[in-house]
């Protein structure tokens, strides 16, 4: 994660609920000295657009709805705010972050620990698929910040290992996904255990109307920091489609593209776990090196795949939408939608992966005859244009 700001920031259109003060440097935010040291040690030089606008209202205790382009430094926005707000002399949980995936919860924990390196902060990732005993031990010891997935967090609160009486801040990251029906009930269960005065911060790349309606239930007069959707994430990302006519022809098309994929690193999205397993097995049968990940895999296995991909030893990753949210890998410049997403809002999460921090990226959509309408729907929804893929794709990378 290099410098917080990117060249596209000056062009972002902000719609905010009130005049939001812009702090153009980290020094201007009045942060703890040791937190500033952590920020600069993390190679952040200047705050990104969302950081310039959201950190101050959060540290002043306001409820905040922040919508920012994927890769603009959302995680650091709330991590810095939490680290500024907690009292490290009190070894009790004071801030709770809920994320839709285990990988994202772990990534947030690592950002908090890195930025809080000089603050002696305790931060635990409380996620399913890991040892309950270890969770209990860590929570009983005392954690300033807990980053977790809703199911395990609720379980630990219910069992009274995660003590909530000192929690003053609840962060909902990727809240469009979190507040989808799957997680909605669990979030309400967690929320009921928190002190009534708890500050709520909601972050997401997309904010559909139903999410905004739900915020009214547990937010008071929130500051809204919104980026207009047509600017969101797609700027700087070249989008193409390949007309494959039939589903069976997608595989040959992918094989033809393989040499181009491995120039940098590529992520290939399928809509189901079964399809991920089938495609990665078929690629390997044909002597193509790929790795794969989906939500049904054991946590340990998912961690290993992520580590290999982060280090660059694996260059092509086949996955489902579980991966599409917030996972930060620097070198990805190519995303392939082997299947177009069933939920058009996931499109931005998938291809936002390929241009993080304003870096250029390429997205390729495999389109059968049946997919044409979906593709047009995506174009219309994002006010964007998806052209036919050029012959010399490598020139784009």
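In case you wondered, yes, glycine gets a Cβ from its N, Cα and C as well.
Features reported for this protein in Swiss-Prot:
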- 24-52: motif 'Q motif' (MOTIF)
- 55-225: domain 'Helicase ATP-binding' (DOMAIN)
- 68, 69, 70, 71, 72, 73, 74, 75: ATP binding site (BINDING)
- 173-176: motif 'DEAD box' (MOTIF)
- 236-397: domain 'Helicase C-terminal' (DOMAIN)
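All protein chains included, residue 75 (ATP binding site) registers 25 other Cβ atoms within 10 Å of its own Cβ. When secondary structure is read from DSSP and collapsed to three states, residue 73 (ATP binding site) falls in the coil class.
According to DSSP, the secondary structure content of the motif 'Q motif' (24-52) in residues is 16 helix, 0 strand, 13 coil. Across the motif 'DEAD box' (173-176), DSSP helix (H, G, I), strand (E, B) and coil residues number 2 helix, 0 strand, 2 coil. Of the listed binding-site residues, namely 73, 74, the sparsest CB environment within 10 A is found at 74. The average pLDDT the prediction assigns to the domain 'Helicase C-terminal' (236-397) is 84.
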